[in-house]
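Enquirer: One structure is given below, represented as structure tokens, and several questions about it will come after.
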Amino acid sequence: MDRYCVFGNPIAHSKSPLIHAEFASLTQQQLSYDKQLVAEDQFPQAVAEFRRQGGQGANVTLPFKQQAFELCDGLTDRARLSGAVNTLYWQGDQLWGDNTDGEGLVRDLLRNGVELKGCRILLIGAGGAVRGVIPSLFEQQPQSIVVANRTQAKAETLAQHFAELGDISSCAMDEIDGAFDLIINGTSASLSSTALPVNADVIQRAKCCYDMAYGSEPTVFQQQAKQLGVSKSLDGLGMLIQQAAVSFERWRGVTPDPQPVYDLIKRQL
Ligand code: NDP
């Protein structure tokens, strides 16, 4: 049976095995998918050992996405641009890396009827998640992207790094101004139930607010958006399922329907 896994530390919380088992069942694929807890200094050894034991592909989560990027012999364009890898696969003896987070986000937005072409996007946060999604967002030809972050210097660095892809600029979180069609919260503020200090006018004018975080209840950012009358507010569960679907497609060459898996995981949150 073909073997897949997710490497991380911690890893107990990961929903990837359940998601991929459901994809396999839906597409009648015979495969196994496990969690692998890896010590922080043992990532290359763990990947090599997994391959020796017949591993076909793997997902990579915190804190190994950057180490995975450095370990790969080949990278997809979006993985190279984002500097992080969440999906490993082999071509012969060569280890390849992809980053499916951005395409997962884009698929979820499009599936929820959010038009990205010509869109003015505000991206809040400048960590790994935001960095990972910018190349895929630009593929959709938005009008512009503004990156705002608590630590402004990190937002500036990201805007410079991606300047060749399109109209991208940065600002401090409390200086955000102007009109945006889509606001994406890519900070971990929701995980600690912290409201973002973003001007209410800015949120009010958005057509959609998206939080990459998710949980059993709407996140603080979703609640902020709802209270301010934003008609569409989404959480990141769809992104989680869709980024897994893109990995699955890469490994197995078939596209699983994300909806039944979304419904299953939602019920379990
Ligand atoms: P990082 O640790 O790399 O970055 C965290 C970011 O959040 C930084 O920009 C940081 O700002 C900001 N931040 C943290 N706390 C606060 C706060 N209280 N107020 C304002 N800003 C804050 O994390 P990731 O980029 O990996 O993850 C970010 C979020 O995205 C998490 O909620 C994660 O769960 C989610 N995520 C969801 C995925 C999905 O599939 N749905 C996939 C990947 C991530 P500063 O630079 O100033 O420290």
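Cβ atoms are placed via backbone N, Cα and C, with glycine included.
Please treat TrEMBL annotations as automatic predictions, because they have not gone through curation.
Straight from TrEMBL, here's the annotation block:
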type	residues	note
DOMAIN	6-88	domain 'Shikimate dehydrogenase substrate binding N-terminal'
BINDING	S14, K15, S16, T61, N86, D101, Y214, Q243	shikimate binding site
ACT_SITE	K65	active site, proton acceptor
BINDING	D77, G125, A126, G127, G128, A129, N149, R150, T151, Q152, A153, K154, M212, G236	NADP(+) binding site
DOMAIN	115-190	domain 'Quinate/shikimate 5-dehydrogenase/glutamyl-tRNA reductase'
DOMAIN	236-264	domain 'SDH C-terminal'
Enquirer: Between the Cα atoms of Q243 (shikimate binding site) and A126 (NADP(+) binding site), find the distance and write it as a whole number of Å.
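Expert: Rounded to the nearest whole number, the Cα-Cα distance is 19 Å.
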Enquirer: Max CA to CA distance in Å over the shikimate-binding set S14, K15, S16, T61, N86, D101, Y214, Q243?
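Expert: Taking every pair among S14, K15, S16, T61, N86, D101, Y214, Q243, the longest Cα gap is 19 Å.
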Enquirer: Between any two of D77, G125, A126, G127, G128, A129, N149, R150, T151, Q152, A153, K154, M212, G236, the residues recorded as binding NADP(+), what is the biggest Cα to Cα distance in Å?
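Expert: Those residues reach a largest Cα separation of 28 Å.
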Enquirer: Suppose we draw a 10 Å sphere around the Cβ of D77 (NADP(+) binding site). How many other Cβ atoms does it contain, all chains included?
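Expert: Its Cβ has 11 other Cβ atoms within 10 Å.
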Enquirer: C-alpha of A126 (NADP(+) binding site) to C-alpha of D101 (shikimate binding site): distance in Å?
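Expert: If we compare the Cα positions of A126 (NADP(+) binding site) and D101 (shikimate binding site), the gap is 15 Å.
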Enquirer: In this predicted model, what is the average pLDDT of the domain 'Quinate/shikimate 5-dehydrogenase/glutamyl-tRNA reductase' (115-190)?
Expert: 95
Enquirer: What is the nearest of the recorded positions K65, D77, T151, M212 to N86 (shikimate binding site), using the Cα of each?
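Expert: Out of the listed candidates, the nearest Cα belongs to K65.
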Enquirer: List those of the recorded positions S14, K15, K65, D77, A153, M212 whose Cβ lies under 6 Å from any atom of ligand 1, in sequence order, or write none if there are none.
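Expert: Result: M212.
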Enquirer: Provide the three-state secondary structure of S16 (shikimate binding site) computed with DSSP.
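Expert: Once the DSSP labels are grouped into three classes, S16 (shikimate binding site) ends up as helix.
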Enquirer: Rounded to a whole angstrom, what is the C-alpha distance between N149 (NADP(+) binding site) and S14 (shikimate binding site)?
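Expert: That comes out at 27 Å between the alpha carbons.
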